[in-house]
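Colleague: Dumping what TrEMBL says about this protein:
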type: DOMAIN; residues: 105-181; note: domain 'Ig-like'
type: DOMAIN; residues: 195-280; note: domain 'Ig-like'
type: DOMAIN; residues: 294-388; note: domain 'Ig-like'
type: DOMAIN; residues: 391-481; note: domain 'Ig-like'
type: DOMAIN; residues: 485-584; note: domain 'Fibronectin type-III'
type: TRANSMEM; residues: 598-621; note: transmembrane segment
Amino acid sequence: MLNVIYPPESHPTIQQAIPGPVDSGRSVSLIYSLSGGNPLAFLTWDCNGITQNLSSSTKTEYIVTFTVNKNFDGRVCTCSATHLIDSYRPNAQHQLAVFYAPGEPKLILGEGFPWFEGNTGTVDCFADVGNPGSVYQWMIGGQTQIQNKSLLQIEPLSKAHNGQEIKCSVNNNYTLRNNITLQPALLKLNVEYFPDIEFDRFPVYVVEGENTTITCNTRGNPLPYTQWYINGLEMGQPQKNQSVLYLTDIDRLDQKRNYTCKATSNSSKYEILTSDKDLSVVVFCEYAIFVDNTSVTKVTVLNGPTFPENLTAILRCQVTGNPLPNVTWFLISNETKQILQRQDQVVESSYIINTTNCLHTGIYECTTENVVNGTKVMNSKPTELKVTCSPRLDNRYKETPATVTTEIGNDLNLTVYIVAYPPPVIRWVFSKTISSTYVTRTVSTYTSDLYISNIRSFDFGVYTMHANNDNGDLFIQVSVSEKATPTAPVHMNIFCKTNSLHVSWVSEFNGGREQTFFVEYWISLQKRNITRSRPVMDLGESTTLNFVFNGLLPETNYSVRILASNAKGISVSETSKCITDFDIKTNSIKQEGNNGSVHAGIAMLSVGGILIIVISLVFLIRKKHWIIGFKRQAKQSVNNSNDNTFNQHNNGSFELNLQNEVEETITGRHLQIDASETDKVNNVFGNRVRDNDARGQKYEEMTLQQTENVVGDQTDSTRQIYDVPRRAYENTDLKENGMLKNLLFEEDLSNSKQKSEYVNVKPAE
């Protein structure tokens, strides 16, 4: 036998049993296969594992299973084929994709600590990359930041950042799916700033001749040393965080001196940091009162004028005056001057915003008011608060509709109210960027207007407003179309009762014009006879409307639809169907018909009892005649005593036997009648049930014929039309049905004339 050696016609293949990326720690199976050749080719591979040989006489095939880790990601597995034919040396390759977690993050500072207030701080969150790519999440002082990159920039730095904790968390799709949480990297910020100075009271009011103490409290990073100065002269030694000034036997000249508290801290990086603050002392004497006009000495926003959202902002106002002035806070805009807070007879006032948002951006004014020599004296000073935020809609104004309709030739004006800080760049886009205008209403609120005159058909479409700043983007889309027919309702609910139909629906878009609804219904088999409701006014898009039809037929299939109409035309909803409930009266009539069958059975049993009584009476009468005959025979043989004795004996025996015979006959007949009549009753009941079913079917056919010409609400007189055949079929007399005849004379009811007469009954027109 000739044995021809030849190589396979194809190259080897590598297939992954479950295609796609594999999670680290899971197993993957590669199928190495090659068909054909004589003899079969020999396969080798470099990605080893548990091997399963599935080769056959015509194919070389192996399945190799192994566990992967992140080092397998991107690895190329090669399968090589060899054969007795040396020129056949092909191979196949397959690249693996492995999902794995990123490494735990570490924080690297762009500039070493300490940082300084007002500068920019950068932190890099470094972590070994994962597959798929890593997602970064930053938190500063418990507040989540918008940035999701590895590099975080904090600008400008403020004293509020000092001591706050920075946290960087890293994850990817692999860690989320496998519920793996990587330990976040933590870092506490060290931000240095000039010392802050506060007095325990400001200004100081004291009576001449008395003693008083004034405390100067300071805080800062680094820790400051505090010292008092009077007219430039040091008073005591520097103290940490706090210094107390003692004034004794005060006279009116003390009011003219300059009181200054100075705080100094020594930075290893930024050298000497110094702050100072002056204090006013007002002296009252027994015979004179020093009166001074009121003034605002300083208005500041603690922790800097610029804030992100969701932080606490404190605005502080320091004032002077004798007597003590009243302080009022205002928020000033182009539109209003809003009163925020009022405090009476104070030297310092703070206005606190617990949770900042974009609308808090604006000019705040501290105003003092005092009365000096009968004249009202006022003084004010402003400060600015800036709350950074991405563009968003100003919810104090009506939102721009998503759909706008107009007529060709009209003018179109679209207005959007926006809140944002820093100021956004706003543009409108249709097929290309189109011109628009916007007006700044306050520091953070804007109005953008798009105006198109003499609109044409090619102006219809979707317009997009895009507003963006450093914090994010806002996209608003408005669909502009020509006024058209309304949208037909699609959300409908229909509920049927015995004689009524309840319809509810949700109003859709009115096509740009005022719309009206009509509800139509008809018997499903009689679409030519349609009843329409009165007009139902639209209450606005997405509102629910209701309508009820009364006077409907029971057990009838009705079709319902809703028409939405405006000046442009009519739209029709889909048709829904509903079957009215069963009529309770009809049910009672049928129940009476069923009860008639029971009554018929009782009547048959009564007839059987009467027959038994009649038969018993017949036998009793015959018995009496027999006894009289025997007595006459006894009188004729009275002279023969022997015969008399014999006759008396026989007479008594015969009479007793006759009585027993009569009783046995009656009993046997009674039992015979019970058994036979029971079978007849069952037969009659069976016929009655079949007759009722036939009558019910015929009644439905007759009812259907009658309803073809009935439209709209049904009256009582109309219902009587259907009651005639119903009563005729359901209340047929027992005797007319032949039930009693069947019991007494065993007549067949199947061709009863009365039954035929009722089948042909027609309802009155």
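Cβ coordinates are placed from backbone N, Cα and C, and glycine is handled just like the others.
Each of these features: where is it, how hidden is it, and who are its neighbours?
Modeller: Note: the domain 'Ig-like' (105-181) comprises 8 helix, 32 strand, 37 coil (DSSP; helix = H, G, I, strand = E, B).
On the 0 to 100 pLDDT scale, the model's mean across the domain 'Ig-like' (195-280) is 92.
Under DSSP, the residues of the domain 'Fibronectin type-III' (485-584) split into helix, strand and coil as follows: 1 helix, 49 strand, 50 coil.
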Colleague: What does the DSSP secondary structure composition of the domain 'Ig-like' (391-481) look like, as residue counts for helix, strand and coil?
Modeller: 3 helix, 55 strand, 33 coil
Colleague: Mind checking how the domain 'Ig-like' (294-388) divides into helix, strand and coil residues in DSSP?
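Modeller: The counts are 3 helix, 66 strand, 26 coil.
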Colleague: Treating G and I as helix alongside H, and B as strand alongside E, what does DSSP give for the domain 'Ig-like' (195-280) in helix, strand and coil?
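Modeller: DSSP composition of the domain 'Ig-like' (195-280): 5 helix, 57 strand, 24 coil.
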